[in-house]
Amino acid sequence: MELLVRYLERNNSTSSGLTQDVIKEQNLRDDLRYYFMSPCEKYRARRTIPWKMGVQILKIIMITIQLVLFGLNNQLVVSYKEENTMALKHLFLKDYSGVDEDEYSVAVYTQSDVYDSLFYVLDQYSQLGRLSVGPISYAEDGDGNLLPLVVCKEYYRSGRVDPSEETYDIDAQLETVCMSHDPVTANHWRTQNSSFFQLDFYRLINVKLTFQLKGINLQTVRSRELPDCYSFYVTITFNNQCHSGKVKIFLDTDATSSACRDWKISGTAQKNTHYLLVFDGFVILVCITSAVLCTRSIVLAVRLLQRFARFFQENFNRKVCEEDQDEFLNGWYVMVIISDLMAIVGSILKMEIQAKSLTSYDVCSIFLGTSTLLVWVGVIRYLGYFQKYNVLILTMKAAFPKVLRFCCCAGMIYLGYTFCGWIVLGPYHEKFEGLSRVAECLFSLLNGDDMFTTFAQLKDTNTLVWLFSRAYLYSFISLFIYMVLSLFIALITDAYETIKNSFIAAE
């Protein structure tokens with residue numbers, strides 16, 4: 001960077017005449033000064049309208065509006081799926097309280113309760129049309145026939161268990177037996193197939209009931225959007241894998257949306273969809289323009305760097321150092337191009353969703369959300385032209401390499417605590433049951449959240465584990481809050497002080 005600064009500030013008085021080489025050198029110097037100017041300085045110097053800045057401002061406004069509109073629609077989709085899942089649990093799970101117990105929905109403890117809960121599903125399913133208050137019904141195949149309800153039971157092939165004599169004889173080979181029937185007459189299975197429902201609980205692993213339902217999300221009409229049709233793949237599992245006397249009942253749904261085959265709607269919903277498609281098309285056009293302008297700026301910067309490097313090689317027989325070369329490669333332009341490409345892909349997916357050709361809401365939201373994040377982060381580039389705001393950018397730039405190396409070292413200790421907490425405290429504490437949950441719990445502790453709850457929730461049935469947990473938690477909190485976190489803040493503070501002192505010296 002020093003080489004570039006000295007060259008730009010070199011006095012022209014040493015030149016003896018306006019030769020062609022001197023004019024070429026002066027043009028290069030002017031182009032270099034112009035390249036490193038802010039948009040306002042460029043306008044004052046050559047009256048060049050800052051098209052890129054104007055396009056970026058317009059793009060920020062339009063992409064944010066697009067994101068808000070899609071987010072409101074996506075919320076309706078998510079709420080519809082969640083409320084349908086809750087409605088299905090109330091419909092098919094006997095004595096469901098409305099709140100899941102841990103990871104399962106309901107648990108039963110007697111054989112009669114298992115049979116009652118199983119037959120309750122069949123009874124409710126056979127009279128679904130008379131029970132449900134929502135627009136939901138049985139699914140049909142391509143020929144218009146109702147898709148059957150399937151019941152499968154998985155069990156050990158053979159076995160004999162005698163707990164009183166402490167003996168057992170189990171064939172570990174698993175077998176699965178299934179049967180299906182018409183949904184409307186599903187409640188008659190108990191009499192027609194009584195032998196199938198005679199369960200040997202000491203051999204039983206699980207019983208699964210699977211069926212498919214159809215529904216229509218009519219609430220989108222309120223937001224002037226065309227409703228989607230949904231297929232709900234429902235699985236109800238009676239889990240007896242532990243053979244502990246507790247049978248857990250799970251209800252899982254997998255909802256997929258699609259365009260309705262035949263629909264008719266009056267009002268403004270269809271017209272509103274056309275307006276949104278036009279708006280999304282305009283967003284794509286603005287993003288393409290932004291990407292083209294930024295690509296053009298990168299190409300011009302590379303050419304200017306080549307001119308600068310060639311001039312120094314020919315006149316001073318020196319190569320431009322990597323630090324000076326990096327000044328020409330503007331990372332902001334690369335980030336803007338990436339955000340533009342993601343916004344274009346997200347807008348295309350959004351248009352396909354609105355036209356009911358696709359239903360990839362999650363993929364579209366990832367593209368639109370990430371592009372909006374990068375667009376708003378790109379605003380920092382323009383704030384960096386002001387000295388007071390530029391302190392943040394320079395501090396982040398100076399502290400990032402040190403912080404990254406520090407996090408790599410601290411991460412090794414963090415991973416050690418994660419694995420240790422999972423293997424030792426996992427069976428006794430719900431926050432340590434999985435590796436991801438342990439990492440989340442430790443990160444919460446690192447920030448001073450939920451400390452007392454984490455200590456208090458540990459089951460004290462094992463004195464040795466209880467003592468270990470205290471040493472584990474106290475050492476982690478002391479190490480990371482009082483040492484690691486303090487050093488992390490100190491690195492950023494040191495970089496800030498360095499940048500601030502350089503500004504003071506420059507003034």
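Glycine is treated like the rest: Cβ placed from N, Cα and C.
Fair warning: this is a prediction, and the values are worked out from it, not measured in the lab.
If you look up TrEMBL, you'll see 77-261 marked as domain 'Mucolipin extracytosolic'. Feature annotation from TrEMBL assigns domain 'Polycystin cation channel PKD1/PKD2' to 363-499. Residues or ranges marked as transmembrane segment in TrEMBL: 275-302, 328-348, 360-383, 403-425, 471-492.
Ranked by the number of CB pairs under 8 Å to the transmembrane segment (275-302), the listed stretches 328-348, 360-383, 403-425, 471-492 are led by 328-348. Long-range contacts of the transmembrane segment (328-348) within the same chain: residues 35, 56, 59, 63, 66, 280-281, 283-284, 287-288, 290-291, 294-295, 297-298, 301-302, 304-305, 308, 364, 366-368, 370-372, 374-375, 377-378, 381, each at least 6 residues beyond the stretch ends and with a Cβ under 8 Å from a Cβ of the stretch. Listed as Cβ neighbours of the transmembrane segment (403-425) (distance under 8 Å, sequence separation of 6 or more from its ends, same chain) are residues 432, 434-435, 438-439, 441-442, 458, 465, 468-469, 472, 476, 479-480, 484, 487-488, 491-492. With helix defined as DSSP H, G or I and strand as E or B, the domain 'Polycystin cation channel PKD1/PKD2' (363-499) counts 118 helix, 0 strand, 19 coil. The domain 'Polycystin cation channel PKD1/PKD2' (363-499) scores a mean pLDDT of 85 in the predicted structure.
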